[in-house]
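> This is the structure, below, for whatever I ask next.
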Amino acid sequence: MIPWNAYVRLLRLNKPIGILLLWYPTAWALWMANQGFPSIDLLMIFLLGTVFMRSAGCVINDIADRHIDRHVARTQFRPLTAGEVSLSEAFILLFILLCASLLLLLKLPINCFYFAVISVLITFLYPFCKRFLNAPQLILGLAFSMGIPMAFIASGKNLNSDFIVLFLINFSWIIAYDTMYAMTDKADDLKIGVKSTAIYFASYDRLIIALLLIFLHSLWLVWAINKNAEWFFYLLWCTAAGILTYQLKLIYARIPKNCFKAFLVSGYYGLVMWFAVGLALI
C-alpha cells in the first residue's frame, strides 16, 4: 500500500505555512512587476513552482537531517525519521518534484533559469549550513527570495528599484520569522549542536527581530510613498504593523509554543501586505 499520508507529511502539504511564506513575496513581485495585473499564465507557473520547490526543499531538508530530527521533540516523528518513508522513496519524490519544476521553468525566459539554478543549489546547501554557519537563516533568506527576481524577469521587467526594496523587505522578513521558528527548538538545538540565529543572537534575539521588523515595514512606506499609494494602502499597512506587534508580544517570554505561534502568524502579515500591494497598484 502506498503511504500517501506519509508522503503528504514529508512534503508538508498538511502544513501550508511554508508554501504561503514562499508564495507571498513572489506574489508581491508579480503584482509590482505587472502594475497589479499579472497574467493567469504567470500566476499558475509561479504558484505551482512555489508548491513544487517548497516541497522539494522539505524533502532535501529531511534527507539531510534524518539522523538529527530524532533528537528534536518537534521533528522526531517526521516520516523519514520515523521510517514511514524510505530513503529511496524520498529521493524518487525529490526527483519528480525537480522534474516538474523544470517543466515549468521551460515556459519562462532563459534569464530565469540562472536564478532557478542558484535557488536549487542554495536549497540543497541550506540543511548543511545549520551544522557550520552561525546564521543559516541568511542562506534561507536567499533561497526564499529567488522567486522575486524570477517574477520580475518573467514579467519582462528589469531588476529595478522596486526589486531592490522588495528583496530587502523579504530578506529581512525571513530572518525575523525564521528566528522566531528557531526559538521553538533552541533548547534541543543547543544539545545537539545545530546552529541558528536564535542561538547566535543570544539575549539580543528579541531586539534584533524587532529591529528587522521595523526596518522592513518602514521600507513598505518608502515604496508606497514613491508609488503615491492611496489611503487604503496605509490602512492595511497599519493593520500589518499590528500583526508585527502581536508577534513581538508572543515571543517576549521566549516560550517555545508561543514562538512557534508567532512564526505561524507571519502568514497573516504576508497576506495583508499582498492585499496592500494589490490595492496600491490599482
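Even glycines carry a Cβ here, placed using N, Cα and C.
Here's the feature list from Swiss-Prot:
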type	residues	note
TRANSMEM	17-37	transmembrane segment
TRANSMEM	40-60	transmembrane segment
TRANSMEM	90-110	transmembrane segment
TRANSMEM	113-133	transmembrane segment
TRANSMEM	135-155	transmembrane segment
TRANSMEM	163-183	transmembrane segment
TRANSMEM	207-227	transmembrane segment
TRANSMEM	231-251	transmembrane segment
TRANSMEM	262-282	transmembrane segment
> Answer yes if the transmembrane segment (163-183) and the transmembrane segment (262-282) have at least three CB pairs under 8 Å among residue pairs 6 or more apart in sequence, and no otherwise.
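Per Cβ check, the transmembrane segment (163-183) touches the transmembrane segment (262-282).
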> Based on Cβ pairs under 8 Å, which of the stretches 90-110, 231-251, 262-282 lies most in contact with the transmembrane segment (135-155)?
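Going through each listed stretch, the top one turns out to be 90-110.
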> Return yes if the transmembrane segment (262-282) and the transmembrane segment (17-37) have at least 3 CB pairs under 8 Å (sequence gap of 6 or more), otherwise no.
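In contact, yes.
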> Count, for each of 90-110, 113-133, 231-251, the Cβ pairs lying under 8 Å from the transmembrane segment (40-60), and report the range with the highest count.
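The stretch with the most close Cβ contacts to the transmembrane segment (40-60) is 90-110.
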> Cβ under 8 Å to the transmembrane segment (113-133), counting only same-chain residues 6 or more beyond its ends: which ones?
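Counting only partners 6 or more residues beyond its ends, the transmembrane segment (113-133) has Cβ contacts under 8 Å with 53, 56-57, 60-61, 63-65, 98, 101, 105, 139-140, 142-143, 146-147, 149-150, 153, 193-196.
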